[in-house]
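Participant: Here it is, the structure, as structure tokens.
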């Protein structure tokens with residue numbers, strides 16, 4: 001009897017203790033939320049690879065998301081703006097400037113302006129259209145044997161060399177340079193040449209308009225100033241619109257020529273080094289990191305200045321400098337964008 005009484009007392013004490021603990025415990029949903037918050041906080045310093053860049057990206061992720069969202073939806077507005085501005089200059093050139101050229105210039109200069117002007121317009125229109133409509137190139141999404149160097153944290157897919165994730169397109173881009181809002185498209189392996197050619201020929205066109213139209217601009221500006229300051233001479237509405245059109249075109253082309261010219265020169269320097277805009281920052285960090293170790297970093301995709309331009313433009317023989325560079329050409333870029341020859345070579349990568 002004593003043994004049964006002791007067991008009974010122990011069982012009652014255990015039940016009372018369990019009941020008290022159960023009353024003091026928080027509800028399940030609160031404990032789950034608290035565990036999730038603790039996990040988020042610990043994730044900032046749990047990984048040994050976490051550094052200041054990771055923490056900075058985590059804190060400013062809402063800002064980056066907002067910029068990407070706005071850029072994505074305003075891309076069509078930027079494209080429409082480019083088309084309107086370029087079209088307005090073309091209309092002024094044909095409607096206002098061409099009659100002046102035909103009436104005042106010599107036959108040789110008329111031929112020069114007609115040939116050069118129409119060539120520039122064709123090259124600008126062709127390369128802008130191809131840059132906006134050509135896919136920049138995406139890595140395969142299905143299983144394949146292509147080599148890769150990392151796994152994308154956003155796509156959770158293998159990334160080949162020189163591939164980066166675009167937050168605006170929300171995809172990985174082969175040999176990504178940057179996302180251009182003026183194209184509403186990423187600049188990558190398949191359309192990098194179109195983008196640079198558009199910038200180059202647009203700059204040449206703006207410089208051409210700025211230099212050749214300088215005297216016309218000064219005459220139009222002085223005519224409007226004289227008309228505002230004195231009552232004579234009196235200009236008709238048509239003459240005023242012609243002068244204003246000339247001033248508008250010269251100011252626009254001069255401004256764009258300076259800004260776009262600087263961008264074109266910068267990209268030309270990158271192409272000469274075998275780099276993209278993203279790789280420029282990566283290689284700069286690698287140079288500093290290797291310098292601390294007493295070593296010299298070499299860009300593995302730099303094949304030499306001339307070879308870099310051959311690979312970029314797809315020049316495989318001498319005639320291609322004309323047919324593929326100075327004339328519209330829709331040829332595919334060199335390579336598939338998945339694999340790359342690394343380290344500089346002593347001979348030409350593409351013999352010419």
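From the backbone N, Cα and C atoms, a Cβ is placed for every residue, glycine too.
Note that the coordinates shown come from a computational prediction; the quantities given were computed from them, not determined experimentally.
Reproduced below are the annotations present in TrEMBL:
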{"type": "DOMAIN", "residues": "151-281", "note": "domain 'Palmitoyltransferase DHHC'"}
{"type": "TRANSMEM", "residues": "73-97", "note": "transmembrane segment"}
{"type": "TRANSMEM", "residues": "109-129", "note": "transmembrane segment"}
{"type": "TRANSMEM", "residues": "194-213", "note": "transmembrane segment"}
{"type": "TRANSMEM", "residues": "247-271", "note": "transmembrane segment"}
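Could you place the listed features in the three-dimensional structure?
Facilitator: Listed by sequence, the residues of this chain that lie at least six past the ends of the transmembrane segment (194-213) yet keep a Cβ under 8 A from its Cβ atoms are 89, 93, 97, 113, 116-117, 120-121, 123-124, 127-128, 130-131, 134, 177, 180, 183, 187, 246, 249-250, 253-254, 256-257, 260-261, 263-264, 267-268, 271, 312, 325.
Proximity of distant same-chain residues to the transmembrane segment (247-271), defined by a Cβ-Cβ separation under 8 Å and at least 6 residues beyond the stretch ends, is recorded for 85, 88-89, 92-93, 97, 196, 199-200, 202-203, 205-207, 209-210, 213-214, 216-217, 220-221, 224, 277, 280, 308-309, 312.
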